[in-house]
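J.: Below you'll find the structure I mean.
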Amino acid sequence: WIMGHMVNAIGQIDEFVNLGANSIETDVSFDDSANPQYTYHGVPCDCGRSCLKWENYNDFLKGLRSATTPGNSKYQSKLVLVVFDLKTGSLYDNQANEAGKKLAKNLLQHYWNNGNNGGRAYIVLSIPDLNHYPLIKGFTDTLTQEGHPELLDKVGFDFSGNDAIGDVANAYKKAGVTGHVWQSDGITNCLLRGLTRVREAVANRDSGKGYINKVYYWTVDKRASTRDALDAGVDGVMTNYPDVITDVMNEAAYKNKFRLATYEDNPWETFKK
């Protein structure tokens with residue numbers, strides 16, 4: 001999965017997919033009442049990027065729905081996965097469950113069209129704080145109560161705080177999550193970060209008894225760091241330059257080992273070599 005980083009304006013969806021992304025990451029900011037409000041990152045952000053592009057969250061969802069609904073004039077068949085980077089740092093810990101409920105209602109109405117031929121992309125809810133694990137239950141309970149438990153087949157989870165792998169496993173246990181887990185690791189492109197924890201996550205994924213199904217690394221903008229990430233065995237790389245990742249994947253060393261994921265590739269299944 002080539003994951004376009006910080007795609008917060010509707011116009012950027014086409015821009016990143018046309019550069020080779022089959023997945024996008026979108027920031028979600030919340031108001032004081034734990035309502036998802038804007039797709040907005042703010043300052044500071046990655047070097048070389050504008051941090052200030054935004055939409056109202058519900059408007060972005062409608063644009064995303066158009067891009068991921070077959071038959072729509074805006075449909076992009078390659079776009080199969082969306083990571084919502086949930087900026088829950090602005091919330092109190094006791095608002096996490098409420099944020100999950102409200103997120104579920106927004107997605108149900110504006111993205112899934114109340115279960116009636118909505119967008120088809122797989123969704124990863126990425127949470128920065130392990131203490132906010134109740135967001136998951138708020139989300140899953142609400143979709144079930146609203147009569148659409150089948151949509152949970154399309155939803156996975158990520159804790160993005162670079163916490164110790166054991167602590168992340170514990171948070172999932174508390175949240176009652178037993179699958180659909182992506183594990184992120186990374187840092188802004190302005191700084192360097194080694195691959196130690198990525199390798200640990202990959203080992204957990206491949207052990208057959210870990211909690212992780214997929215591992216992605218962010219933010220990867222250079223050919224050398226792309227090669228390092230692929231060599232470490234990641235399933236996805238998040239990038240500001242999807243075309244750079246595409247170029248590396250076409251190199252002799254990688255083109256027979258890796259290919260771009262399609263809609264037929266289940267993002268919740270651990271890939272067996």
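Every residue gets a Cβ built from N, Cα and C, even glycine.
Per Swiss-Prot, the feature active site maps to His5; the stated evidence is similarity to another entry. Here Swiss-Prot flags His41 as active site, nucleophile. What Swiss-Prot records for Glu25, Asp27, Asp85 is Mg(2+) binding site. What Swiss-Prot records for Cys45-Cys51, Cys47-Cys190 is disulfide bond.
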J.: Which of Cys45, Cys47, Cys190 (the disulfide-bonded residues) has the most other Cβ atoms within 10 Å?
T.: Cys45
J.: Determine the minimum-neighbour residue: among Glu25, Asp27, His41, Cys51, Asp85, listed as recorded positions, which Cβ has the fewest other Cβ atoms within 10 angstroms?
T.: Cys51
J.: Do you see any of the recorded positions His5, Glu25, Asp27, Asp85, Cys190 whose C-alpha is within 10 Å of Cys51 (disulfide bond), and which ones?
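T.: None, since no candidate lies within 10 Å.
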J.: For the Mg(2+) site given as Glu25, Asp27, Asp85, which other residues of the same chain have their Cβ within 8 Å of the site's Cβ centre?
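T.: Leaving out the recorded residues gives His5, Met6, Val7, Asn8, Thr26, Val28, His41, Val83, Phe84, Lys87, Ser126.
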J.: If you measure C-alpha to C-alpha, which of His5, Glu25, Asp27, Cys47, Cys190 (recorded positions) come within 10 angstroms of the residue listed as 'active site, nucleophile'?
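T.: Those close enough are Asp27.
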J.: Please give me the recorded positions out of His5, Asp27, Cys45, Asp85 that lie within 10 Å of Cys190 (disulfide bond), comparing Cα atoms only.
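T.: Hits: Cys45.
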J.: To the nearest Å, how far is the Cα of Cys45 (disulfide bond) from the Cα of the residue listed as 'active site'?
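T.: Between the Cα atoms of Cys45 (disulfide bond) and the residue listed as 'active site', the distance comes to 11 Å.
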